[in-house]
Amino acid sequence: MNTIKLRAENLNLSFGKKQILKNINIEFQENQVTSLIGPSGCGKSTLLRSFNRMHDLSPDAKIDGNLYLDDLDLYAKKNSVTDIRKRIGMVFQKPNPLPKSIYENLSYALHIHNYPKQEIPDLIEKALKESFLWDEVKDELKKPAVKLSGGQQQRLCIARTVVLRPEVILMDEPCSALDPISTKKIEDLILRLKKDFTIIIVTHNMQQAQRISDKVAFMYLGELIEYDTCHTIFNNPKNELTQHYIGGHFG
Amino acid sequence: MKKLLNTVNWLVLCGSTLLVVLILGVILWDIFSKGFSSISLGFITSYPTNGMTQGGIFPAIIGTVLLTFITTLFAVPFGVACAVYLNEYAKPSLLTNIIRASIRNLAGIPSIIYGLFGLALFVQALQLGTSILSAGLTLGLLSLPYIITTTEEALKRIPNSLREATLALGVTQFETIKDVVLPKALPGILTGVILTLSRAAGETAPILFTGVAFYINGISASASQEFMALPYHLYMLSTQHNEIEQVRPLAYGTATILILLVFTLNSVAFYVRFKNRTQD
């Protein structure tokens, strides 16, 4: 159970002259949920997005250091970014369904990655079931995805990621735009998905981090301050900054 | 005092709007009231006869439609491709800014300059002669900056989260643009394209030296032939004809048809925009 799935070594990242991440070293274990917490602007989303190379599109982003998925060097020139993104999926803060039907939201990437046509319907059904969405949408798969409620849209976005069977799922505050009931559903979903996937989640919600995480990383001003089991971070944090943040003194 | 100022402001603003609407109304009323009497099925479907003093404007209508078609074929693919490059691929740099500023400036160049440029480039340098092809390409050049600008605006309105959605699934940038960004931006692009074309269809100066003719006695399918066009026909009938009083009703009829043509195109553009708005 203690296999290291994803890791960053001496990661420094800056946008233009502004350094966002300072010498980050972190390892994420397979089939665990790891939460990244910290005040806004501490770099947790930036760290998350460097694993699936979403910074490739920002011309002023400069990345130093090494990131690995198993033994695959994520930024090596020979490794294709599309393969990496297929193996490391991402769910965003605001649900962003494609302007297509529910079914097409899942089938699109399967077609792009050349999955055999006859397998696609079963894969989609499986992913929708895994994402706790099947019962709600099975009779209206042709409906435009934007007609779904916010919580359903976010579960669709998770299903869209899950259907490609990635190894890691990155989640960037996936519940911040959702009501408490939808949030509960997503949290249940995350706990169930960790059996098959390694999950890294950015969250501002301390209770949420406590409910779902195996491990928690606290970041502050671009640095990784403390990284430990969920229990230790919330009950017995070693660093003073962590204590203050957990205690709600700033944030 | 404040209340008075408020009323005065309102009167000035409202008055300006009314004045603009009034001017437009007078122009339309003048043209339509005098033009509708000369419009008939024969007017639209027959050739001019007796030295333009009788008959219809069939070749001019066909000429304008074909001309606009050639303009579309040339300007739309290049314009959209250029906008996609600028908005989706080009990294912000001095060069891209210069390119963008140049395109904006091109939109401000008087159309007669395009006409002369088309004469030099297409008619003479490229040996295309005075032809519907030369004229269509010239109008295409004139339309390009508008199509690029409106397409870029339409692409800008597509939220980045949508691009990230497919990129995060391991879809390439090109596939993302082709399958998600362009389809979503299509109504905005179409609106810009149609409005640009409706403007191009009414231009006279760019086709003046590049291929338009006062009279042709048969429509040919060849792109290297000269052609008749509505705006130029109107110009000739209203200022250059020997029997100017006699052809006046025909001139009004031509103006009416030209305006109706442009209005139709614009209505299509508004319909596309409206339909898109109600869908979201």
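Including glycine, each Cβ sits where the backbone N, Cα and C put it.
Just so you know, TrEMBL annotations are computer predictions that nobody has curated.
The annotation domain 'ABC transmembrane type-1' is assigned in TrEMBL to B:61-269.
Positions annotated as transmembrane segment by TrEMBL: B:7-29 (among others).
Taken from TrEMBL, the feature transmembrane segment applies to B:57-86 (among others). Within the chain, the transmembrane segment (B:57-86) has long-range Cβ neighbours (under 8 A, six or more residues past its boundaries) at 43-48, 96, 99-100, 103, 132-133, 135-137, 139-141, 143-144, 146-149, 151-152, 155, 177, 182, 189, 193, 196-197, 200-201, 207, 212, 216, 219, 223, 227-233, 250, 253-254, 257-258, 261.
According to TrEMBL, the feature transmembrane segment maps to B:106-126 (among others).
As annotated by TrEMBL, transmembrane segment applies to B:132-149 (among others).
The transmembrane segment annotation in TrEMBL covers B:207-230 (among others).
Remote same-chain partners of the transmembrane segment (B:250-272), defined as residues 6 or more beyond its termini with a Cβ less than 8 Å from a stretch Cβ, comprise 28, 31-32, 34-36, 38-39, 43-44, 48, 52-53, 57, 60-61, 64, 187, 190-191, 194-195, 197-198, 201-202, 230-231, 233-234, 237-238. The transmembrane segment annotation in TrEMBL covers B:250-272 (among others).
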Contact set, same chain, for the transmembrane segment (B:106-126): CB under 8 Å, 6 or more residues outside the stretch: 133-135, 137-139, 141-142, 144-146, 149, 203-211
Proximity verdict for the transmembrane segment (B:132-149) and the transmembrane segment (B:7-29), three or more C-beta pairs under 8 Å: no
